[in-house]
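Enquirer: Quick one: the structure is below, questions incoming.
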C-alpha cells in the first residue's frame with residue numbers, strides 16, 4: 001500500500017539551525033508553477049487563481065513597504081520625543097518634542113528659536129530656575145537618570161521577551177538569506193520588542209544608530225507577511241527572495257534612499273538575487289519611502305534628519321584631502337573591527353557575557369556622564385551629523401558658524417570664506433573631544449544586548465574628522481591665498497571651501513571602512529545630499545577607505561560577526577585557491593567507521609529507527625545494497641521520521657518488522673507478512689555527486705552557486721562518502737589556519 005499519494009504535513013520542511021536545499025526548493029516552486037499554468041487552461045476559476053498567484057508577489061511588496069514605512073515613521077517620532085525628554089518637557093503638551101513645542105509658541109525669536117516659555121528644562125520644573133551651578137547639577141542628574149532608565153528598559157525587554165532583538169541583525173539576516181534557518185529571528189515577538197527597544201536604545205544617548213536594526217525590522221515585516229501567502233509560506237527559497245526585497249525597504253526608510261536600499265541589498269546582504277527580486281526590491285523600497293514621506297516624521301518634508309544641499313563646486317586639488325579622509329576611514333574601520341571583535345569575543349568567553357543588564361547600564365552611565373558637559377555629545381548623533389553637514393549661512397546661530405564677518409552683506413550671493421571666530425575655535429576643541437569619545441565608546445557599545453546599529457556612529461566619527469579637516473582647509477585658504485595650490489582657483493572674497501562637504505565625505509569614508517560597502521554607499525550618500533556633482537569625491541573616499549581597510553583585514557564588520565558567532569555562511573566573494581581534492585574533505589576518512597547508508601529494499605522500520613536514534617545526521621544516502629554501494633538517492637532525516645510516524649498512525653499493519661521500500665515497485669509478499677512501507681516519494685532521486693578526484697575549488701563553487709546542503713562522493717559509480725556545507729566551511733577555515741571547530745553554531 002502506498003499511503004504517500006497525499007502530501008504529509010511537515011515533509012519537505014526543515015529543523016531549526018539547518019540549511020535549506022536551494023535546488024530542491026526551486027524545483028518544487030517550478031513544479032507548483034507548472035501545475036497552476038496547466039490548470040489555468042481548464043476553467044475561468046483556475047485562470048483567476050493563476051493571475052492572483054502571479055500578482056501575489058507585488059501585493060506582498062506593497063504591504064511590506066507600507067508596514068516598514070509606518071514603523072520607521074513611528075520609531076523616528078518616538079525617538080525624537082524621548083531624546084528631548086532627557087533635557088526637559090513641553091508644558092503646552094507633553095507629547096511635543098523640543099522643536100515642535102517651540103514651533104507652536106508665540107514668544108520665540110528667530111535667533112533663539114530653541115528657547116520658548118512652553119519648553120521647561122528639568123531644573124525649571126524642579127527648582128524653578130535655569131541659572132547657577134545647582135540647576136546645572138539637577139539637569140545633569142536628570143539626563144543621566146533618564147538615559148539609565150531607557151537603557152534598563154531596553155535590555156530588560158530584550159532579555160525577557162525576545163533575545164533575538166539585540167544587535168543590528170544584519171549578520172544574522174545575511175546568514176538567513178544564504179539559506180540558514182533561525183526560527184523566531186524574524187518572528188512577531190522579535191518585531192514588537194525590536195521596535196520598542198530600538199526607540200529606547202536610541203533615546204538613551206548610547207553611541208548607536210537605528211539604521212541597521214531598521215533592516216531587521218523590515219525583514220521581520222516581510223517574514224510575517226509571507227505567512228499570508230501560500231506560495232511564500234511553504235517555500236523557503238521564495239521567502240528569501242521576499243526578505244532580500246524587505247532589506248532594501250529597510251535601508252530605504254533608514255536613509256530615505258530607495259535606490260541605495262536596493263543596491264545595499266544586492267551588494268551587502270543578499271545571497272541569491274534574481275532579476276525579478278531586483279524589480280520587486282525597487283517597488284518595496286519605493287512604497288516604503290513614499291509611506292515615510294507621507295508620515296513626515298521630521299516635519300521638514302525630508303526622510304532623514306541630516307538632509308543637506310550644497311551647490312558650491314569642488315576643485316581638483318581637494319581630491320587630496322578627500323583621499324586623506326578615505327585613508328582615515330579605512331584605518332578607523334580596520335581598528336574598530338579588530339577591537340570590537342576582540343571585546344565581543346571576551347564577552348562570549350568570560351563571565352562578562354552572563355551579566356548583560358549590568359554591562360548595558362555601566363556603558364550607558366559612562367556615556368551619559370561624559371556626554372552631558374559637551375553639547376556635541378549631548379545632542380543625538382543624527383542631530384550632530386546634521387550640524388556637521390550643514391553649510392553655514394548668515395542666519396546660522398551655531399558655534400560652528402561663528403565666523404568674523406569682514407565683508408559687505410548687501411552684495412548677496414554666496415558667503416565668502418571668512419576668518420574663524422571664537423565660537424569656531426571652541427567648537428573645534430569640543431568636536432575633537434567628541435571624536436575621541438565616539439571612537440572609544442562605540443567599540444564597547446556595538447554588540448551589547450540591545451538593538452544597536454553601526455551606520456550612524458561610523459558616520460559621526462567620519463563627519464567630525466571631515467569637519468575638522470574642512471575648517472582647517474578653509475582657514476588655510478583664507479590666510480594663505482598666495483600659495484600656488486590656492487591662487488589658481490580661489491580668489492579673494494570667494495567661497496572656495498565648504499567644510500560641510502568634507503564632513504559628508506568623511507562620513508562616507510568611515511562607513512565604507514567599517515562595512516566595506518562601495519557602490520551602495522556612494523548612492524546612499526548622494527541620495528542623502530541631492531548633490532550629483534559630489535559623486536567623484538564620494539567615490540574617491542569610499543574606494544580609498546575600502547583599499548586601506550582591506551589591506552589591514554579582509555573582513556567587514558558583518559562578516560567578522562558572522563565568523564565570531566560561527567554561522568554557516570559561505571562567502572561568495574572570496575576565492576578558494578588551495579589544491580585539495582574532494583577525497584581530502586569527505587566523510588568518512590580512511591580510518592573512520594563506514595558511511596551510514598540505507599538500502600533500497602532490505603531494511604525494516606526497526607532498522608531505520610535504530611539508525612535514526614543512534615546518529616545525528618541530517619540525511620542518509622540510499623544504495624542498492626551494502627555490497628554494491630551503487631547510489632539510488634538521498635533521504636532527509638526529518639522526512640523519514642515524519643513519514644514513519646505518519647504510517648504507524650494511518651496505515652494498517654505497519655509494524656517494526658515491516659520492510660521499507662525506496663523502489664518503484666515492491667515484490668509480491670508471502671502470506672502473513674506485515675505490509676510494506678513505500679517511501680519513494682520522499683527520496684531525492686537526483687542528489688548532487690562528484691568523483692573523489694574532483695578539485696575542492698570546483699566543489700566549493702558548486703556549494704556557493706547552487707546553495708547545496710550536501711554533496712555525495714563516488715568512485716567508479718560506487719558511493720564513497722559525503723561532503724556537507726559544514727565540512728566545506730571547516731576545510732576553508734583549516735586552510736586559512738583558523739580553528740575549524742569555530743564553524744559550529746550553538
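Here the Cβ of each residue, glycine as well, is placed from N, Cα and C on the backbone.
Not measured: the values here are computed from a predicted model.
Sharing the record's features from TrEMBL:
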- 55-75: transmembrane segment (TRANSMEM)
- 133-155: transmembrane segment (TRANSMEM)
- 189-208: transmembrane segment (TRANSMEM)
- 242-266: transmembrane segment (TRANSMEM)
- 316-337: transmembrane segment (TRANSMEM)
- 357-374: transmembrane segment (TRANSMEM)
- 427-447: transmembrane segment (TRANSMEM)
- 454-473: transmembrane segment (TRANSMEM)
- 501-526: transmembrane segment (TRANSMEM)
- 586-650: domain 'CBS' (DOMAIN)
- 682-742: domain 'CBS' (DOMAIN)
Enquirer: Are there residues at least 6 beyond the ends of the transmembrane segment (357-374) whose Cβ is under 8 Å from a Cβ of it, and what are they?
Expert: 139-140, 143-144, 147-148, 151-152, 154-156, 159, 204-207, 347, 430, 433-434, 437, 441, 444-445, 448-450
Enquirer: At least three Cβ pairs under 8 Å linking the transmembrane segment (189-208) and the transmembrane segment (55-75), pairs spaced 6 or more in sequence?
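Expert: The transmembrane segment (55-75) and the transmembrane segment (189-208): touching, yes.
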Enquirer: Does the transmembrane segment (133-155) come close to the transmembrane segment (501-526), meaning at least 3 CB pairs under 8 Å for residues 6 or more apart?
Expert: no
Enquirer: What counts of helix, strand and coil residues does DSSP assign across the domain 'CBS' (586-650)?
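Expert: For the domain 'CBS' (586-650), the helix, strand and coil counts are 24 helix, 17 strand, 24 coil.
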Enquirer: Sort out the residues at least 6 away from either end of the transmembrane segment (133-155), same chain, that have Cβ-Cβ distances under 8 Å to it, and list them.
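Expert: Residues packing against the transmembrane segment (133-155) from afar: 82, 85-87, 121-124, 126-127, 197, 200-201, 203-206, 356-357, 360-361, 364-365, 367-369, 372, 378, 448-451.
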Enquirer: Report the mean pLDDT of the predicted model across the domain 'CBS' (586-650), rounded to a whole number.
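Expert: Overall, the domain 'CBS' (586-650) comes to a mean pLDDT of 88.
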Enquirer: Under DSSP, the domain 'CBS' (682-742) has how many residues in helix, strand and coil?
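Expert: When I sort the residues of the domain 'CBS' (682-742) into the three classes, I find 26 helix, 18 strand, 17 coil.
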Enquirer: Quickly jot the same-chain residues contacting the transmembrane segment (242-266) by Cβ under 8 Å, restricted to those at least six beyond its ends, or write none.
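Expert: Tertiary neighbours of the transmembrane segment (242-266) are 57, 60-61, 64-65, 68-69, 72-73, 173, 176-177, 186, 210-212, 214-219, 221-223, 225-226, 232, 272-273, 277-278, 280-289, 291-293, 302-304, 307, 455, 517, 519-521, 523-524, 526-528.
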Enquirer: Using a Cβ cut-off of under 8 Å, list the residues of the same chain at least 6 residues beyond the transmembrane segment (55-75) that approach it.
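Expert: Sequence-remote neighbours of the transmembrane segment (55-75) are 195, 198-199, 202, 210, 214, 217-218, 221-222, 225-226, 228-229, 231-232, 242, 245-246, 249-250, 252-254, 276, 280, 283-292, 294-297.
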